[in-house]
Amino acid sequence: MPARDDLDRALAPLRDAPGAPRWGTPERWHLTLLFLGRVPEAQEPALVTAAAPAVAGTPPMTLRLAGGGRFGSARRPQVAWVGLDGDVAPLVGLAGRLAGVARQLGLPVEDRPFRPHLTLGRWRPGRPADGALTDRLAGYRGPEWPVREVRLWESRLGRTPAYEVVASWTVTTRTPWARADSPGRSRPAGPGTRRPARP
C-alpha cells in the first residue's frame, strides 16, 4: 500500500533514535473508528447487522496521513501518532454513528471525542523517552488513498496477539460479509478480546 510504505520510509530516521517509543509494525497499522472491550458472543450478530446502515450512510472518502504528535507530555509521552487529512468530517461522522450503534446495544463506549489518528508506537513507563521525536513529522504529507471499506476485527491479546476479521462493509452498501460461524457461536469471549472497527 503506497500510503503505508511512504510513512514507513518517513519513520526510518526515527526508529532507532534515543528515547524512541516501541514502534508498531507497518503490517498492523490501522485506523480505529471505535474500540470495544469484551463483546458477548450472543451480541455479535446484532452488532454486525446494526453497523451496516451506519456504514452505508457514508460517502466514499479520500484520506492522507499528515502531521504527527503524541498523547501525553513531552517529558512523559505515552503514544506516538500520525494525523489525517482529507475527508475527515465524514470519517468523524461514521465513528459517531458506530458509537451510537454500540450504545443502543448496551455496549460500553468511551465518553470522549473521536480523534482521527493512526497509532505509531507507545512509550514504555520508566524507559527513557523523547516526546519531541514526533515533532519531526509536523510537515509530513503522505499520498492520498480512497477508503471504501470498514472492518470489524476481533483481537485476542497475548504473547502473540491474534487478529480476525468478523465482518466487513463497503461504504456504499448495506450488505455485510460475515464469517460463517458468527451467528451460531456461543463460545464466551476471552479476557483479551477486543473488537475495534477499522477502515
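Yeah, the Cβs are placed from backbone N, Cα and C, and that goes for glycine too.
As given in TrEMBL:
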- HIS30: active site, proton donor (ACT_SITE)
- HIS117: active site, proton acceptor (ACT_SITE)
- 183-199: compositional bias 'Low complexity' (COMPBIAS)
- 1-22: region 'Disordered' (REGION)
- 175-199: region 'Disordered' (REGION)
- 30-33: motif 'HXTX 1' (MOTIF)
- 117-120: motif 'HXTX 2' (MOTIF)
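Within the chain carrying the motif 'HXTX 2' (117-120), a Cβ under 8 angstroms from the stretch's Cβ atoms is held by residues 11, 21, 23-24, 29-32, 65, 68-69, 79-84, 134, all 6 or more beyond its ends. Neighbour counts were taken at the CB atom with a 10 A radius for the active-site residues HIS30, HIS117; the maximum falls on HIS117. On the backbone, the CA of HIS30 (active site, proton donor) and the CA of HIS117 (active site, proton acceptor) stand 9 Å apart.
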